[in-house]
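A.B. asks: First the structure, which I've put down as structure tokens, then a few questions once you've had a look.
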Protein chains: 2
Amino acid sequence: MSFTLIHKDKNSRARLGRLVTVRGDIDTPIFMPVATQGTVKALSNRDLRECKAEIILANAYHLYLRPGLEIIKNAGGLHKFMAWDKPILTDSGGYQVFSLARLRKVKDIGVEFQSHIDGSRHFLTPENVIDTQCILGSDILMPLDECLHYPCIKDEAQTAMKRTIQWAKRSKEALGRWQQANHGSQLLFGIVQGATYPDLRKSCVEQLAEMSFSGYSIGGISVGEPQDLMYNIVQSTCEYLPENFPRYLMGVGTPQDIISAVDFGVDMFDCVVPTRYGRNGTAFTSRGKIVVRNASFTNDLAPLDEECSCFVCREYSRSYIRHLLNAGEILGSAAVSYHNTYFYLEFMHKIRQAIKQDDFTGFKKNFLDRYNNTA
Amino acid sequence: MSFTLIHKDKNSRARLGRLVTVRGDIDTPIFMPVATQGTVKALSNRDLRECKAEIILANAYHLYLRPGLEIIKNAGGLHKFMAWDKPILTDSGGYQVFSLARLRKVKDIGVEFQSHIDGSRHFLTPENVIDTQCILGSDILMPLDECLHYPCIKDEAQTAMKRTIQWAKRSKEALGRWQQANHGSQLLFGIVQGATYPDLRKSCVEQLAEMSFSGYSIGGISVGEPQDLMYNIVQSTCEYLPENFPRYLMGVGTPQDIISAVDFGVDMFDCVVPTRYGRNGTAFTSRGKIVVRNASFTNDLAPLDEECSCFVCREYSRSYIRHLLNAGEILGSAAVSYHNTYFYLEFMHKIRQAIKQDDFTGFKKNFLDRYNNTA
């Protein structure tokens with residue numbers, strides 16, 4: 001077993017766990033900064049270490065298209081290529097094909113699409129997607145899945161869910177073949193689809209659990225559905241999921257989303273929000289988001305977040321960072337991206353501490369009150 | 001005396017010196033990374049410390065226009081605003097008015113121009129330019145000067161040179177008034193103009209030296225003239241300059257330019273080249289410049305410079321940095337900017353070591369042979 005459930009909060013479904021990989025252990029609940037193209041945008045590997053990142057996510061789809069597998073293979077795998085020696089989780093490209101690619105054609109055998117970069121044609125199958133992630137040297141792999149927009153009718157959701165299950169089965173077999181040939185010890189998660197239909201989600205969980213994956217991802221979330229519905233789906237899916245396996249909510253989300261999902265029993269998260277918002281000059285703070293560009297910060301000598309002890313908050317004022325952003329300076333984007341990543345990882349650390357002390361509910365209320373500026 | 005000439009190389013005019021400011025001593029010859037808008041582009045203050053920057057240059061013109069003096073004054077001066085506690089040299093804006101501003105009108109009283117950012121009208125005088133730099137909290141100030149393009153006729157060069165001298169005189173008086181009122185201990189340099197006419201340069205040096213500045217800047221260089229002519233002007237100007245004062249060659253240059261100017265007796269340099277080239281993906285190495293984007297580096301796992309021990313060269317390969325640049329990732333630009341800045345400052349360190357050992361000529365030959373790939 002690669003996952004150990006260490007403690008369950010007495011007053012919620014929040015859980016403390018440990019996920020073991022060959023490149024290091026990960027305490028959950030955890031947030032994974034997103035290194036779409038093999039770099040967490042605007043952060044160096046040292047920045048990530050300082051932010052106490054334990055695992056990062058990279059996008060197989062993006063890296064497969066650019067720079068391409070040969071270059072990363074030549075470097076000795078993605079870890080060496082990007083000089084990051086802790087665990088890497090890769091997604092399969094299912095979501096990117098769905099959101100980025102052109103002329104997508106989904107068949108049972110796989111997906112044909114055109115690159116969003118140069119229009120070149122590619123064909124993804126569950127098997128070659130596993131091979132891609134193995135060549136990258138990923139520690140935790142995702143199978144190819146079919147992801148739909150919200151809203152979608154139940155028939156379509158069911159077809160996609162069934163295909164996702166078939167693909168999960170083929171992915172597991174493909175990884176088995178790879179591991180037999182190469183003595184790998186990668187973990188493979190199953191991805192739960194089923195759109196906003198609880199019975200489809202339940203059926204998907206049951207069929208995946210029967211195949212026994214190392215963990216379970218909740219996919220097809222944050223694809224346009226209202227927040228209440230998203231929370232309902234996450235909550236009910238967590239209820240169906242087997243207890244002793246890590247649960248990963250893909251692509252979510254804001255601090256509010258994360259703390260709510262932890263409350264439902266989710267263990268792992270990834271999202272581009274900290275760095276995307278950071279580049280555009282929006283900082284996450286214990287008192288909510290602030291748009292640093294705003295005129296109100298012109299002469300504000302406080303750090304981005306008075307309660308943060310990150311490098312940026314120790315060194316720079318809101319006034320200075322606002323100037324950098326207004327002047328189009330790289331350091332402005334980099335500084336807020338760094339702070340936001342640190343903020344997210346520190347936030348997860350505090351969540352883990354609260355669960356350990358059976359105080360998750362109190363921590364959540366207190367955090368949200370202050371984050372929403374109502375306390 | 002704020003400057004001590006410590007050692008003169010036995011076989012060249014290269015000199016080792018120490019410039020004393022209230023914020024720290026500077027060993028010369030020195031290179032000053034350029035923080036045009038209050039940040040050395042793509043580098044944090046920590047990066048600068050790691051690159052062993054002893055002094056940086058900031059542009060009074062840019063900071064006066066954006067964010068404006070009130071904001072920097074509110075922060076307690078430029079050092080606090082940008083969180084940099086070592087010396088800062090500011091230029092006067094003379095060069096920026098000449099190169100960037102619109103509708104420039106130069107009169108004896110000062111220069112009227114329109115901002116390159118928003119078209120707003122401004123009027124610079126020698127007096128208000130000194131006040132601006134004092135408000136910024138600069139450690140080494142430059143007087144307003146009149147800079148001309150190459151080529152220019154002698155009459156124009158003479159008029160601009162005479163005006164530059166008048167303005168230097170008024171600047172010295174203005175700083176005297178400020179220092180009397182505020183107990184400041186800023187250093188003010190005189191700027192030598194005179195275009196490509198040695199007799200004008202000589203006359204300018206003599207008149208400035210009579211006024212006794214803390215150092216002397218060679219201005220109006222690298223404004224379009226051929227390299228030979230530039231070297232001739234720098235060499236002859238150095239011959240006229242008083243020996244016991246620091247000599248600062250403004251806005252120059254490449255490693256070849258710098259090592260040649262050190263040979264003529266120049267002590268201080270600044271240039272945007274390391275960071276500008278860095279952002280665009282050109283790295284300086286002991287074997288010459290490399291365009292990291294080039295296909296030849298696709299699978300090159302060597303660091304940018306095999307002889308460099310900077311953070312970037314310890315962590316990342318050319319192959320990875322090339323990928324980052326091609327993918328438009330901030331880390332690509334930041335990494336090469338960091339390396340280039342480190343390379344320049346390490347280069348100056350080696351120059352100082354060579355002078356100390358009376359081996360500057362040997363070092364220069366060896367450096368240029370390898371830099372030009374002929375050794």
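Just so you know, glycine gets a Cβ as well, placed from its N, Cα and C.
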A.B. asks: With A:Cys308, A:Cys310, A:Cys313 listed by TrEMBL as Zn(2+)-binding, which of these, A:His339, A:His349, is given for the same site?
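C.D. replies: Candidate listed by TrEMBL for the same site: A:His339.
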A.B. asks: Can you identify, from A:6-12, A:125-131, A:251-257, the stretch that TrEMBL calls region 'RNA binding'?
C.D. replies: A:251-257
A.B. asks: Which of these, A:Gly68, A:Gly119, A:Gly220, A:Gly224, does TrEMBL say binds substrate at the same site as A:Asp91, A:Ser92, A:Gly93, A:Gly94, A:Tyr95, A:Asp145, A:Gln193?
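C.D. replies: Between A:Gly68, A:Gly119, A:Gly220, A:Gly224, TrEMBL records just one in the substrate site with A:Asp91, A:Ser92, A:Gly93, A:Gly94, A:Tyr95, A:Asp145, A:Gln193, namely A:Gly220.
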A.B. asks: Which residue range, A:25-29, A:225-229, A:275-279, is the one TrEMBL calls region 'RNA binding'?
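C.D. replies: Going through A:25-29, A:225-229, A:275-279 one by one, TrEMBL gives region 'RNA binding' for A:275-279.
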A.B. asks: If you take the centroid of the Cβ atoms of A:Asp91, A:Ser92, A:Gly93, A:Gly94, A:Tyr95, A:Asp145, A:Gln193, A:Gly220, the listed substrate site, which other residues of that chain have their Cβ within 8 Å of it?
C.D. replies: A:Val97, A:Phe98, A:Met142, A:Pro143, A:Leu144, A:Glu146, A:Cys147, A:Ile191, A:Gly219, A:Met250
A.B. asks: Quick check: with A:Cys308, A:Cys310, A:Cys313, A:His339 left out, which same-chain residues have Cβ atoms within 8 Å of the centroid of the Zn(2+) site Cβ atoms?
C.D. replies: A:Pro303, A:Leu304, A:Asp305, A:Ser309, A:Phe311, A:Val312, A:Arg314, A:Tyr338, A:Tyr342, A:Phe343
A.B. asks: Would you mind reading off the Cα separation of A:Gly94 (substrate binding site) from A:Asp270 (active site, nucleophile), to the nearest angstrom?
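C.D. replies: Cα-Cα, rounded: 15 Å.
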A.B. asks: Can you tell which of A:Asp91, A:Asp270, A:Cys313, A:His339 has the most other C-beta atoms within 10 Å, given these are the recorded positions?
C.D. replies: A:Asp91
A.B. asks: Relative to the Cβ of A:Asp145 (substrate binding site), which residues of the same chain, six or more apart in sequence, are found under 8 Å away?
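C.D. replies: When sequence neighbours closer than 6 are ignored, A:Asp145 (substrate binding site) has A:Ser92, A:Gly94, A:Tyr95, A:Thr164, A:Trp167, A:Ala168, A:Ile191, A:Gln193, A:Gly219 within Cβ distance under 8 Å.
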A.B. asks: Any idea what the Cα distance is from A:Cys310 (Zn(2+) binding site) over to A:Asp91 (active site, proton acceptor), rounded to a whole Å?
C.D. replies: 29
A.B. asks: How many Å separate the Cα atoms of A:His339 (Zn(2+) binding site) and A:Asp270 (active site, nucleophile)?
C.D. replies: 16
A.B. asks: If we check Cα distances from A:Cys313 (Zn(2+) binding site), which of the recorded positions A:Asp91, A:Gly93, A:Gly220 wins as closest?
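C.D. replies: Smallest Cα separation from A:Cys313 (Zn(2+) binding site) among A:Asp91, A:Gly93, A:Gly220: A:Asp91.
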A.B. asks: Give the residue counts of the region 'RNA binding' (A:275-279) per reduced DSSP state, in the order helix, strand, coil.
C.D. replies: 5 helix, 0 strand, 0 coil
